[in-house]
Amino acid sequence: MIWNRKTRYTPYEQWPATKLPQLVAQARQSKWRMQHHIQPTSGLLNDPNGFSYFDGQWHLFYQVFPFGPVHGLKSWQHVTSKNLVDWHDEGLAIRPDTPYDSHGAYTGTALPIDDQLFIMYTGNVRTADWQRESYQLGAWMDTDNHIKKLSRPLIAHAPAGYTSSFRDPDLIRNDHGYYALIGAQTTTEIGAILVYFSKDLTTWTCQGELNVPANARGYMIECPNLVWIDQQPVLLFCPQGLSQATIPYQNIYPNMYLVADQLNLAQAQFTEPHALTQLDDGFDVYATQAINAPDGRALAVSWIGLPEISYPTDRENWAHCLSLVKELTLKDGHLYQNPVAAVDDLRTTAHDLVFEQQRATVAALNGSFELLLTVPADKTVTVNIADQQESGQLQVTVDANHGQVMIDRRHTGNSFAEDYGQTRQVELTAHKTIKIRLIIDVSVFECYIDNGYSVMTGRFFLNATPSRLNVQGDTTAVTGKVWEWRQSEHTGVDNNETKIK
């Protein structure tokens, strides 16, 4: 397939009827299909959208282009869950079928209001001369998952002084009404977050620009997301073009967070924003969406993928996945991330690490498993994740002497994104015990360090299913356990074809 403007934006109904079933069948045959991470049945998945709890279950949407591993004509795919682990595919929910989203239904969020779910999202439109127009749109979903779009945009254009790069509304409700944080770019190409207010979800007025520190803006801010943890505001966002002088990062675009003491939305003012911090220290996290659950917990899910990067699965006409759902907590102003408790229910058979001659091996694993490892102060060990033939490996080095964790994907057998480096490293306190929780799901890893103080996430592509784990090095007093995971009960991952309704 030659991907150009015409093929990327061909209306779905103009594709041959046989095309989508062929792509779904091709993706199902991939050795890199995951068991527990949400992934597209075909084509490209990107940003998580509309994460919410409504009508007794969790709802999550994601952007998808079903016809290829490229950023084309985007829709929202819909999945639901009772436990945040097992997801059911509800099919395509929002399609690009109006004059205001004709070239893609882009990122947005959702709020349960009475017996409906209100959705606010960005509609992408291209003019005849391919100029961008961005509309902030609204829709209502009922308890039968039927969606009715509003006939007119909620916000028809960016205010004066801002470009048409104006997208990704984050809905917030408080005692005064409704707010929306919208990613933006000034006409001088500086990233911004605009704050809008509405009393009725229909008429919206701009309250001004959120006082994000000047060195944290880049040239465009995408995917702003606000949650409260212990009554403190936490802003997650993606400042494209962020200066390396502000904070060093290796990925093409970073996903960052800011904690502040207080936030006055009416005045668009943070009080005492803390230091800008990278949300994930791995290779592939972007566009994280976070919400406050009905019980107050802050929950987040990330796109494990990056714009403008080619992945090995592109050759199979599918790309990317979402992270496991993570719970966010604060301690001493630092954001901790850990998988939600229901992830523990995936565990089945346990294997204690038994070391012989400074090495322990667990074999015959089924591709999805986790390692809990404790490395005492001044010890260094290396964890290797390999296929049965050990033709390639993902390597995790835990150095409790220098206080470092490094992940190396140079030798997996299928390299990609090499321009951005094949190793990532987290710096911790030297001469202290380090604990890691390493989750492997066929072609994705999530590594939680010191109870979620740091997280490293990424894709890796072995030549066959990961089935061997070994730990070696100075293993004196090192302890660990490997848990196999049960097979997926997801119908939202691989057991359902994309429904185009």
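Cβ coordinates come from backbone N, Cα and C, glycine included.
Annotated active site per Swiss-Prot: ASP47, in sequence order, evidence recorded as sequence analysis. Under a cutoff of 8 A between CB atoms, and with a sequence separation of 6+ in the same chain, the neighbours of ASP47 (active site) are TYR62, GLN63, TYR106, THR107, ASP168, CYS223, TYR286, ALA287, GLN289, TRP303.
ASP47 (active site) carries a strand DSSP state (E or B). The substrate binding site annotation in Swiss-Prot covers LEU44, LEU45, ASN46, ASP47, GLN63, TYR106, THR107, ARG167, ASP168, GLU222.
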Span of the substrate site, taken as the largest CA to CA distance across LEU44, LEU45, ASN46, ASP47, GLN63, TYR106, THR107, ARG167, ASP168, GLU222 (Å, rounded to a whole number): 20
Helix, strand or coil at ASP168 (substrate binding site) [DSSP, three-state]: strand
Which listed residue (LEU44, GLN63, ASP168) has most other Cβ within 10 Å, given these are binding-site residues: ASP168
Neighbour-count leader, CB within 10 A, binding-site residues: ASN46, THR107: THR107
